[in-house]
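J.: I have a structure here, written as structure tokens, and I will follow up with some questions on it.
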Amino acid sequence: MQFSGKRKKLIGSSQNDLYGHCLQFYGQPPLDNISLAEFETLAVERLKLLKTVENLGVSYVKNSVQYSKKLEAEFTSLNFPLRTELGDQKVQGGTSEYEKRRKDHISHFILRLAYCQTEDLRRWFIQQEMDLFRYRFNDLSSKYKTDFLHKNNLKYETVSAEEKNILKDKLINSSYGLSGITVEEYDFYKVPFQDALDLVRTRKVYLLAGNAYIPHSEIVTIVLNDFRTRLSKALAMTARSLPAVQSDERLQPLLSHLSHAYVGQDYSIQKNIGKISLEQIDSLSGKSFPLCMRHVHKALRENHHLRHGGRMQYGLFLKGIGLTLEQALQFWRSEFVKGKVDADKFDKAYAYSVRHMFGKEGKRTDYTPYSCMKVILSNPPSQGDYHGCPFRHSDPELLKQKLQSYKISPSGINQVLELVKGMHYQLACQKYFELTHSVEDAGFSLNHPNQYFTESQKLLGGGRDIKKEVEMSQKGQENPSSMSRPSQESSKQAHEEMGDLDSFFQDE
């Protein structure tokens, strides 16, 4: 496919101009022809990178040694550009620096299409791209920072040597780590103070006559502000042209999928089938269920009924942790008959939907347990519903009361609520995991309710048989797939199949 209304290819020197620096403002859209398979692969890999940026930004101090080390490892793993020299020479992994820069360029524009659709998506995308840009800019040497400024026509007024000498003492006192000698050696830039509000807020710059005096080491703040302005405007323009893109039936399913894509382990394959007994469920719900599933399980036990949203979310989760079809039928029947549904009515109105979920009816599709992003972004609960993500959909005060009832410490509750306030719902759930399992660091990035259960069982020692079963199952598969990367066709099919499954979970 092509990316521009002007169908031209970049060739020769124009390509070198575009990828002449390892960092860019993404001002010029790519004009390459790429396949739909490459379109999706590039998008998924950049999404993995941005998810890592988000998780590291909350778990570590940004630009700390640990933060930088882990992010650099992710860059290397996903083959995104870090080197400053451009060349076609192959490096470890078989990818040239030019190919990495091309990947960085195209993947950014693909995610623009996916994340321009709503205000929440745009906000998330801008924040992660800004954090990514900050890390990459700070990693440049002074020479390449200057080259970037010149290449992008960022002409900030340089403070003259005479003015620096007059203001030397004030510049030293207002700027971190500067002495008289370094002031003489450093370039300072004079910019309107409103362009440096972050530095003004933290009192890192000298202010005079409406201008902020920015040392070269802090110029990233000004550049980042420019990047944010450009990206925000670009996303708004992309959103206006989105209907034309969505009319392409090849792209629409892909873009819809990417905005809430799950890029972790595939839990649709029942590797632990039969490992969980019905008698264990109540105990496991208190020890190893994520809060969303613990909440819906409690509601089922109390009300002996769940509306279709809760049945889908919880039913697929139970299937994923190892319940067989026979166990699932017995579980749902035994609970519903305690309420207003007799056994005969259950068999007529609900049993078919359970069998359908296990791929034994209808299209005979093996349905996938919901990922965290699907729980958070799709089908929000209304009054009388119990599905959804408690960190996303619960009132903060009610969430606080729930956490208190589960004996979470006051300091732990405050940490969770701070993450919720920052809209880091998956990280809030990960913090809940750490608090309920008494560990400092969970050691994984949470993306799926079934991942929460598996990691909990490993930690508690109850997952030894499960782990063994997983290993045996993986050995028995010719092409084991640890990552979920649905193709354009399968994304569309999954969307249609979930809609088909919805029709079997109708309330009365």
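Cβ coordinates come from backbone N, Cα and C, glycine included.
Residues or ranges marked as [4Fe-4S] cluster binding site by TrEMBL: CYS292, CYS372, CYS389, CYS429. Residues or ranges marked as compositional bias 'Low complexity' by TrEMBL: 481-491. Taken from TrEMBL, the feature domain 'DNA primase large subunit C-terminal' applies to 283-453. Residues annotated as region 'Disordered' in TrEMBL: 463-508.
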J.: Restricting to the domain 'DNA primase large subunit C-terminal' (283-453), report the mean pLDDT as a whole number.
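T.: It averages 91.
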J.: With the [4Fe-4S] cluster site defined by CYS292, CYS372, CYS389, CYS429, which remaining residues of that chain have Cβ atoms positioned within 8 Å of the Cβ centroid?
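T.: Counting only non-site residues, the set is PRO290, LEU291, VAL375, ILE376, PRO390, PHE391, ARG392, TYR425, GLN426, PRO449.
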J.: Relative to the Cβ of CYS429 ([4Fe-4S] cluster binding site), which residues of the same chain, six or more apart in sequence, are found under 8 Å away?
T.: PRO290, LEU291, CYS292, CYS372, CYS389, PHE391, LEU446, TYR452
